[in-house]
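Student: The structure that follows is given in the form of structure tokens.
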Amino acid sequence: MDRFLYYPLSLMPYLVITLIVSFTMHELAHAYVAYKFGDDTAKKQGRLTLNPIKHLDPFGTILILVAGFGWARPIPVNRRFFKKPRLAGVLVSIAGPVSNLILAFIGFFLLVLMHAYGMEMLAAFSTGLDQFFSIWIQLNLVLFLFNLLPLPPLDGYRIIEDLVPPGVRAKMTQAESYGFIVFLVLFVTPLGSYVLWPMLNAGRDSILKLFSAIFQPLL
């Protein structure tokens, strides 16, 4: 069975739990910020909820288990409802990745607390909890960094769209049709192994060092 999966079968329960929570919070963050700025499109579609069924894309979720990458159902956003479309657009786009950064921070904090104060009480579960928190932290950091890449249709691309002049934005909108080709090149060719993943891993490690520095007194 392991040969059909990107991750070991023994880690699947931890991975599935992490994906469900991370994808749900990511999309809910988009929906909530859009709603606060006046766009109730997602709310009307039942997306302003913690129910993961409303946010998970079946194919995208399965794909991440077998190929290492995937996606959730994107939140619909209607910019016409925003009084300040560019500002609201940036904040809506960045809300998703920030939610993953917050989840990673919470996971790191709980892991530190467990090792600092609760290891004796949790000794029987320490190995499993270590594995779970490791997956939780690293996957959320990768989601944070990956979604900030300036590639369509990722959040990083949307942020740039709202920061550039209207003329440039129009050209970026036209270029979105090439997004699938870009992702195909990154994930099917060696380019991803030599460029994308080393970059994401370096960013992840830098954030982990920052977390460690923050919690140094407890380590």
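Don't overthink the numbers, they just go from 1 along the chain as shown.
Each Cβ is built from the backbone N, Cα and C atoms, and glycine gets one as well.
So Swiss-Prot lists the following for this protein:
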type     : residues : note
TRANSMEM : 4-24     : transmembrane segment
BINDING  : H26, H30 : Zn(2+) binding site
ACT_SITE : E27      : active site
TRANSMEM : 52-72    : transmembrane segment
TRANSMEM : 94-114   : transmembrane segment
TRANSMEM : 132-152  : transmembrane segment
TRANSMEM : 180-200  : transmembrane segment
Student: Cβ-Cβ under 8 Å from E27 (active site), same chain, 6 or more residues apart: which ones?
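Tutor: The list for E27 (active site) reads R47, H55, A72, R73, P74, I75, G96, given in order along the sequence.
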Student: Going along the chain, which residues six or more apart from H30 (Zn(2+) binding site) have their CB under 8 A from its CB?
Tutor: A42, I75, V77, V92, S93, A95, G96
Student: Within the chain of H26 (Zn(2+) binding site), which residues six or more apart in sequence place their C-beta under 8 angstroms from its C-beta?
Tutor: A72, G96, P97, S99, N100, L143, N147
Student: State the non-local partners of the transmembrane segment (94-114) in its own chain: residues 6+ outside its ends, Cβ under 8 Å from one of its Cβ atoms.
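Tutor: Non-local partners: 21-22, 25-30, 32-33, 122, 126, 129-130, 133-134, 136-138, 140-141, 143-145, 147-148, 155-156, 159, 207-208, 211, 215, 218-219.
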Student: Check the DSSP secondary structure of E27 (active site), expressed as helix, strand or coil.
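Tutor: Looking at the DSSP assignment, E27 (active site) belongs to a helix.
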